[in-house]
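Novice: Once you've had a glance at the structure underneath, I'll fire off some questions.
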Amino acid sequence: MHSSSESECSDSDQQLSATHYDAKLPYTSDICLPFNSEKLASIAKNSIDADPEINPDRVHRYLSVENGDLIVNFECDSLKTLRVSINAFMDMVILVTQTMIHLDD
Amino acid sequence: MSSTRTVTTIGLEGSANKLGIGIVRHTYDAKDLDPWDPNNPAEPKNVDVLANVRDTYNPPPGQGFLPRDTAAHHRDHIIRLIKLAFSDAKLTHKDLDAVAFTQGPGMGAPLSTVAMVARTISQLWGLPLIGVNHCIGHIEMGRAITGANNPVVLYVSGGNTQVIAYSRQKYRIFGETLDIAIGNCLDRFARVIMLPNDPSPGYNIEQYAKRGKKLADLPYTVKGMDVSFSGMLSFVEQLAKNDSSKRTKKQKTRNNNSSSSSSSKNAGEASIDQSSQEKEPEYTAEDLCFSLQETMFAMLVETTERAMAHIGASEVLIVGGVGCNLRLQEMMGDMAKQRGGKVFATDERFCIDNGIMIAHAGALSFATGFKTPIDKSRITQRFRTDQVHVAWRT
């Protein structure tokens, strides 16, 4: 639930990109978002992961949780779809974290 | 007195431009639920509405609501509305038994936004999640409020137009629109004549229609049990456009005539214009709203009556946003009366999309043991009324 810090997750970034690399989807981005707890990060992952990306042949989105970090890895067919996907994802993360802040005990 | 059991549910609805949160409490005889018998399903003894709050996204006149903007509206207001619902109900989440949300049908982005929050709170609060079909929500809410027992259901809203009857644990679709929904047709016509979207385009058309006098001959399209509205929309749009272009043309010619020494060409145009007006009857916006309503509602009355004759029902239940149109209720009432039956309808609190209906329908299926696991809670834009197993009715 804090702002993302790239350095914390740099080693996992490379692993993710290496495992999922697809030649048709060359534009990739990895984002790491630290949450207060493993549980909250998992809740966020489950909430977001239930609805798949709308264009599965143009965007691959992989979510995972590691040590309380929500890690997302995008692979897209163009810079535009990458930008749009990250935007949509950020809107979802903000909504989920706002819900946690305001509606959790 | 036998012991009772209550089920309290929060419902989140956001399949279109309304964002609604409702909290409902169902009271059952304990023996009806425990153990629950699928061969003898129970409906609650009491349905108490504890909170019903709504916020509608209204774009400016002449514009429809786009998925992206509507989703942004829902994101901005959903947390505030959930808090408001709890304070209205004087409850906290600890009093709840389940979280219900609209899984479909509807617009993707708004549905997904609301589902995201539903999933998050269900996990935070450790409550089961219940995915609800929006149409089933409308039907069950209408039944609960009006007490209609086994009616033919006319479901009319911005996204749906269906004639439905219950049979063997399914709500079966007898007839529906072949193209656009009735509410969509009304909304789009309201845009053409620049009626405001506040409180709703359909409401404003209804007010205009009250002042309409001349009935335009619009294409009446009933095909078997199905209806079609898109042809009528194009036709009436054309009438409205001709009308307004004629009016501006007339004004322009008049201005030209008065400001400059009128050229013979202008004068000629004006006379042609006037003569064509005399031939074709001219309709005001009020006349067109009136004609549109009368023709569309007549089509619905016809198909509904045929469904009633088919299954031998005498009751009609009107649900959905267009269902709060009093003229539709009146026309349907006349038909039902002639058949020795009656029409049931609800007011805007329950007709127009709301969270209560989702909480209510969710609670009904929850009482039968239904749950939606998070990883199966994906929203679906197409989710037919007859896909739902109605386990709570015999």
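Counting starts with 1 at the first residue shown.
Quick reminder: no glycine exception, Cβ is built from N, Cα and C everywhere.
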Novice: According to TrEMBL, B:Y155, B:V156, B:S157, B:G158, B:G159, B:G202, B:E206, B:N325 bind substrate; identify which of B:D179, B:D187, B:D226 is listed for that same site.
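Specialist: That substrate site, as TrEMBL gives it, pairs B:Y155, B:V156, B:S157, B:G158, B:G159, B:G202, B:E206, B:N325 with B:D187.
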Novice: B:H134, B:H138, B:Y155 show up in TrEMBL as binding divalent metal cation; which entry in B:D353, B:D375, B:D386 does that record put in the same site?
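Specialist: Candidate in the recorded divalent metal cation site: B:D353.
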Novice: Can you see whether DSSP assigns B:N325 (substrate binding site) to helix, strand or coil?
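Specialist: Its secondary structure by DSSP: coil.
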Novice: Could you check what DSSP calls B:G202 (substrate binding site) once collapsed to helix, strand or coil?
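Specialist: The three-state answer is helix.
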Novice: For B:Y155 (divalent metal cation binding site), just give me the three-state DSSP call.
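Specialist: Its secondary structure by DSSP: strand.
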Novice: Do you know which of the binding-site residues B:G159, B:G202 has the most other C-beta atoms within 10 angstroms of its C-beta?
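Specialist: Sorting the candidates by Cβ neighbours within 10 Å, the top entry is B:G202.
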Novice: Rounded to a whole angstrom, what is the C-alpha distance between B:N325 (substrate binding site) and B:Y155 (divalent metal cation binding site)?
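Specialist: Checking the Cα atoms of B:N325 (substrate binding site) and B:Y155 (divalent metal cation binding site) gives a distance of 12 Å.
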Novice: Return only the integer: C-alpha distance in Å from B:Y155 (divalent metal cation binding site) to B:G202 (substrate binding site).
Specialist: 15
Novice: By a simple count, how many Cβ atoms lie within 10 Å of the Cβ of B:D353 (divalent metal cation binding site), its own Cβ left out?
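Specialist: Its Cβ shell of radius 10 Å holds 27 other Cβ atoms.
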Novice: Cα-Cα, whole number of Å: B:S157 (substrate binding site) versus B:H138 (divalent metal cation binding site)?
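Specialist: Checking the Cα atoms of B:S157 (substrate binding site) and B:H138 (divalent metal cation binding site) gives a distance of 10 Å.
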